């Protein structure tokens, strides 16, 4: 049984930069050098996007533009990954951009998609609130008509 565990453990990739055995998304993210300036800027960008998502909840048109912009950025992640893979030496210490796009998906696309999910949740909540208000208004009008008919 230990021989099979050793064989399975040897199949797990080891990160070349930190010599950490990559067994999960968490260990993958731990192997990243987060002190690089471009990663700090990316983190600041995601904090800004999240704050803008929360602050734009009351402004429907701004939120639509923000939503469409983030969806377009996620859509362009594959092209951005290819571009970054070709030019990583100009801005990074390590080559994080693999052909499958795992790094860019986790670090770039997932936070943007979480923001879009928040926006969609706000839209669904608004729709339900509007439908509830409309139904209450309809019931009040119906009751007022019935009361008006009874008094005549």
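Positions of Cβ are set from backbone N, Cα and C atoms, glycine also.
A quick note: this is a predicted structure, and the numbers were derived from the prediction, not measured.
Taken from Swiss-Prot, the feature topological domain 'Perinuclear space' applies to 1-36 (among others), supported by sequence analysis.
Swiss-Prot lists 37-57 (among others) with the feature transmembrane segment. Long-range Cβ contacts of the transmembrane segment (37-57) within its own chain (Cβ-Cβ under 8 Å, at least 6 residues beyond either end) map to 63, 66, 70, 91-92, 107-108, 111-112, 115, 118-119, 122.
Long-range neighbours of the topological domain 'Nuclear' (58-63) within the same chain, counting only residues 6 or more positions beyond its ends whose Cβ lies under 8 Å from a Cβ of the stretch, are 119, 122. The annotation topological domain 'Nuclear' is assigned in Swiss-Prot to 58-63 (among others) on the grounds of sequence analysis.
Taken from Swiss-Prot, the feature transmembrane segment applies to 64-84 (among others).
Proximity of distant same-chain residues to the topological domain 'Perinuclear space' (85-102), defined by a Cβ-Cβ separation under 8 Å and at least 6 residues beyond the stretch ends, is recorded for 17, 28, 32-33, 36, 38, 77-78. For 85-102 (among others), the entry in Swiss-Prot reads topological domain 'Perinuclear space'.
Taken from Swiss-Prot, the feature transmembrane segment covers 103-123 (among others), and the record attributes it to sequence analysis. Non-local neighbours of the transmembrane segment (103-123) in the same chain are 25, 28-29, 32, 39, 42, 46, 49-50, 53-54, 57, 63, 66-67, 70-71, 73-74, 77, 80-81, 84, 96-97; each lies 6+ residues outside the stretch with a CB under 8 Å from one of its CB atoms.
In the topological domain 'Nuclear' (124-152), helix, strand and coil residues by DSSP number 28 helix, 0 strand, 1 coil. Under the heading topological domain 'Nuclear', Swiss-Prot lists 124-152 (among others), citing sequence analysis as support.
The region 'DNA-binding' annotation in Swiss-Prot covers 124-152.
Look at Swiss-Prot and you will find 129-152 tagged as coiled coil.
Note: the topological domain 'Nuclear' (58-63) comprises 4 helix, 0 strand, 2 coil (DSSP; helix = H, G, I, strand = E, B).
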